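If you look up TrEMBL, you'll see 12-32, 52-72, 77-97, 109-128 marked as transmembrane segment.
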Amino acid sequence: MQRVIDGALDHLSPWAIARTLLVAIFMAAGVLRITHPQVVVDEMRAAGLEPAALLNMVVAINLLVAAVLILLERLLWLGAAVQLVFLVLIAVVVHQYCKLPGSPLRLTVMFAIEHLTAIGGLLAVAMISHLRQLMGIAPHHFPSEMEPCQQEIPLQERSRRGGPSG
């Protein structure tokens, strides 16, 4: 069973899937901000953020560009940092935990926990991407772009042989 798991993890698909799942929420939020701007602008104004329309477009562009950087694994650390700063700012500026009584407080805390989870995921993909670069196996997206020795030799075997070159 361990061989099957190791074999699956040696391929690029789980890495691409992990990045895609991580940025899905950011892509959806960015698209929503562009396709339904008035809804988001009204929410921003309710939170006391002005100029709401300009902020909405800046946030939408940041969300989408950062998500693409993570998906393509080009400047992944920058994309993760942009998303991380965005989540921290939301937690500090928008979520007013102390002012909410009862049930709305619980919902707001759940959103905060969701943001913390996403922050952890962003940190994880940034670290994994860095390690992959150090090992010489990133940023590759498709097996056809990989060097022949990397296509034929699983990651564990490359490690045992002393690195990415075999």
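The backbone N, Cα and C atoms fix where each Cβ goes, and this holds for glycine too.
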Any residues 6+ beyond the ends of the transmembrane segment (12-32) with a Cβ under 8 Å from its own?
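Sequence-remote neighbours of the transmembrane segment (12-32) are 39-40, 59-61, 63-64, 66-67, 70-71, 73, 76, 83, 118, 121-122, 125, 128, 132, 140-143, 146.
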Who are the long-range neighbours of the transmembrane segment (109-128) in its own chain, taking Cβ under 8 Å and residues 6 or more past its ends?
15, 18-19, 22, 25, 70, 76-77, 80-81, 83-84, 87-88, 90-91, 95, 97
